[in-house]
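Asks: If you scroll down you'll find the structure; I have some questions about it.
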Amino acid sequence: MSAAPHISVLLDEVVEALDAKPGDVVVDGTFGAGGYTRAVLPTGASVVAFDRDPTVRQFAANLPADRFRLVQARFSEMLDELGPESVEGVMLDLGVSSMQLDQAERGFSFMRDGPLDMRMGDTGPTAADLVNTLDHAELAKILYVYGEEHASRRIASFILRRREERPFERTLDLAEVIERAVGGRKGAKVHPATRSFQGLRIAVNDELGELEAGLAAAERVLKPGGRLVVVTFHSLEDRIVKAFLAERAGKAPGGSRHAPPVAAGAAPSFQLISNKAIAPSEAELAVNPRARSSKLRAAVRTDAPVWEAAG
């Protein structure tokens, strides 16, 4: 398999925010090519990494067996694997990796022809399953809510009309239909299929549901004083992380529509490290333009009990 090397975003900032010490246990919830894990191991900490993608095991081959373990599972399953108050750090790097984008056979890219898959793991329905079976309303909702695509109804109409002739099987086939639906704007920096592909990818992998479950799991596995560090890549992810941390830090009056309601008067279970998200430097963007939309948010676990759902 050939792919451009994956560059971990905000790497120095993640390591600084984690502040891992020798003997600590840190969760890398999104192992990928192992960039964050490799940056944390020199601190003397141990890393338990999670990834639903079985192909990433190749990147774990040379890591120290006494301080590293890779679990093929979603990061939302970390509580089942590790138990409560068991780690000093949790880091999550959300979204699809450049490694996956660059592999045409994974079906994430509208620039490279491949099977219309988009699964981060090897189970569950594919993007082709969705575009070939969902009705107009369901498909338009995915494109609008998850892709933030304002032409969602028109795109859905074009997709349904075309699939009457033959089912969608390839990424470029779908991208071309979307481009016909919305038209390519001359000089546009963003490909017309960008938002639609994002929406389908999020739906295929239940990324937002996984994020909410993962944040709740991190709250439970962190010891008091442990640190949660999350890197997001689009506004849907960042809003969920921001709302979760603000609520758990007692800074969100009225609660969050992104998280389950919690009992009133709960003591803050997190303390924010910074009230503002950290963005990549100009120097990093010059080396890795894909980092441009990334944001880092971090918080420290207090000794307060885990917030429980109300009712």
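Using the three backbone atoms N, Cα and C, a Cβ is placed for every residue, glycine included.
In case it's useful when we look at the structure, here is the feature table from Swiss-Prot:
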BINDING   Gly34, Gly35, Tyr36, Asp51, Phe75, Asp93, Gln100  S-adenosyl-L-methionine binding site
Asks: Name the secondary structure element type, per DSSP in three states, that contains Tyr36 (S-adenosyl-L-methionine binding site).
Replies: helix
Asks: When DSSP is mapped onto helix/strand/coil, what comes out for Asp51 (S-adenosyl-L-methionine binding site)?
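Replies: Assignment for Asp51 (S-adenosyl-L-methionine binding site) reads coil.
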Asks: Three states by DSSP: which one describes Phe75 (S-adenosyl-L-methionine binding site)?
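Replies: Its secondary structure by DSSP: helix.
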Asks: Can you tell which of Gly34, Gly35 has the least company, meaning the fewest other C-beta atoms within 10 angstroms of its C-beta, among these binding-site residues?
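Replies: Taking Gly34, Gly35 as the binding-site residues, the minimal 10 Å Cβ count falls on Gly35.
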